[in-house]
Amino acid sequence: MASLLQSERVLYLVQGEKKVRAPLSQLYFCRYCSELRSLECVSHEVDSHYCPSCLENMPSAEAKLKKNRCANCFDCPGCMHTLSTRATSISTQLPDDPAKTTMKKAYYLACGFCRWTSRDVGMADKSVASGGWQEPENPHAQRMNKLIEYYQQLAQKEKVERDRKKLARRRNYMPLAFSQHTIHVVDKYSLGTRLQRPRAGASISTLAGLSLREGEDQKEVKIEPAQAVAEVEPLPEDYYTRPVNLTEVTTLQQRLLQPDLQPVSASQLYPRHKHLLIKRSLRCRKCEHNLSKPEFNPTSIKFKIQLVAVNYIPEVRIMSIPNLRYMKESQVLLTLTNPVENLTHVTLLECEEGDPDNINSTAKVVVPPKELILAGKDAAAEYDELAEPQDFQDDPDIVAFRKANKVGIFIKVTPQREEGDVTVCFKMKHDFKNLAAPIRPMEESDQGTEVIWLTQHVELSFGPLLP
């Protein structure tokens with residue numbers, strides 16, 4: 001019975017750009033293409049950025065400017081948990097009468113797990129609860145910014161050169177109306193990438209970014225090349241002999257979390273701004289319809305669109321596995337679950353000889369020859385013990401039990417290899433009412449809903465053989 005909860009034992013094949021085998025719970029179903037989709041054959045789109053601590057939502061441009069970090073929340077540099085702001089009272093001298101003191105609130109950062117505080121590294125307390133915390137400066141920040149600016153300018157130059165070469169190759173195919181004077185103006189103002197057909201109502205602001213090629217070029221950024229140092233500063237004489245206090249030495253993970261500073265001792269650990277998380281949408285690459293789209297609000301866990309495969313495709317699970325032995329036929333009990341509200345007809349088929357998808361099978365399988373009918377999903381009937389079951393005239397040699405939208409069936413497995421895990425493959429053919437089909441005017445012969453037949457390749461892993 002434990003195998004009933006092990007969904008990773010049952011894999012479905014996704015026929016996309018790359019064949020992927022995954023549990024049904026990790027797949028999506030495109031109602032427009034009527035095909036399974038995995039995370040490797042969908043387009044990922046970022047909908048919003050938000051902080052997991054304060055749940056502040058920000059646009060992509062602002063998140064990029066802040067380096068995808070929250071300005072108000074911090075992570076503990078010791079244990080990586082979220083830091084909290086704590087208040088304390090300190091005595092301060094009055095500016096009018098230094099002999100008198102008054103109590104004033106002060107705020108500092110503290111970790112509730114490892115007891116790290118901002119006072120451990122000498123950070124001054126703040127008079128306000130949010131913002132204004134001192135951050136260590138990277139000694140190489142100026143050099144890095146210079147390099148980034150230089151390579152951005154270099155990339156822009158290379159892009160302009162590529163556009164000019166493309167324009168030069170297209171000159172032989174330009175119409176007669178494209179005169180030499182026009183080409184000269186295009187080259188002079190670098191309009192190679194802006195040759196677009198004028199649209200009605202187009203704004204003249206598109207020309208605001210143009211500049212002359214000569215005399216108005218941006219100031220060229222020059223950098224000093226890095227120079228190798230002949231003499232390296234030697235290590236201290238007591239480097240190998242002095243005792244090491246492990247509580248004051250940072251771990252490898254703590255150093256990698258601060259690559260700009262590379263702290264060696266615990267006294268150099270400074271809090272880091274918390275990383276932002278994203279809400280993303282998934283889109284089918286074939287038809288470009290959304291498969292998953294979450295709510296924009298960070299506090300909401302609901303989805304506007306969530307086409308997970310377990311809500312549309314019959315799910316196969318292993319209920320009981322007998323003792324499997326080499327070249328001995330055994331009977332395995334499977335369960336089929338209908339996730340939709342209407343009746344579903346399912347037919348199990350054995351893989352044909354030379355099937356390119358049947359590459360992992362190590363055993364021979366005999367599936368029920370008859371068509372199976374799965375009752376529609378009804379949440380109320382599942383818990384109603386007094387409900388009268390429908391009469392499907394099941395064959396007891398094939399169907400072990402039936403309850404609500406679930407049915408238990410027998411298959412026969414004969415291992416063909418003396419060692420290794422036992423894996424069987426078969427095809428599952430089932431009908432599906434495509435609710436996403438275009439609506440047409442109903443006629444006498446039209447049922448109103450398009451019914452299509454889908455075939456899924458299913459792989460079952462039964463574990464190792466017994467001696």
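Just so you know, glycine gets a Cβ as well, placed from its N, Cα and C.
According to Swiss-Prot, the features are:
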- 152-172: coiled coil (COILED)
- LYS222: SUMO2 cross-link (CROSSLNK)
- ALA2: N-acetylalanine (MOD_RES)
- SER203: phosphoserine (MOD_RES)
- THR414: phosphothreonine (MOD_RES)
Coarse DSSP state, helix versus strand versus coil, of LYS222 (SUMO2 cross-link): coil
Sparsest-packed among the recorded positions, when each Cβ's other Cβ atoms within 10 Å are tallied, from LYS222, THR414: LYS222
Within the predicted model, mean pLDDT of the coiled coil (152-172): 85
Integer Cα-Cα distance in angstrom, the residue listed as 'SUMO2 cross-link' to THR414 (phosphothreonine): 73
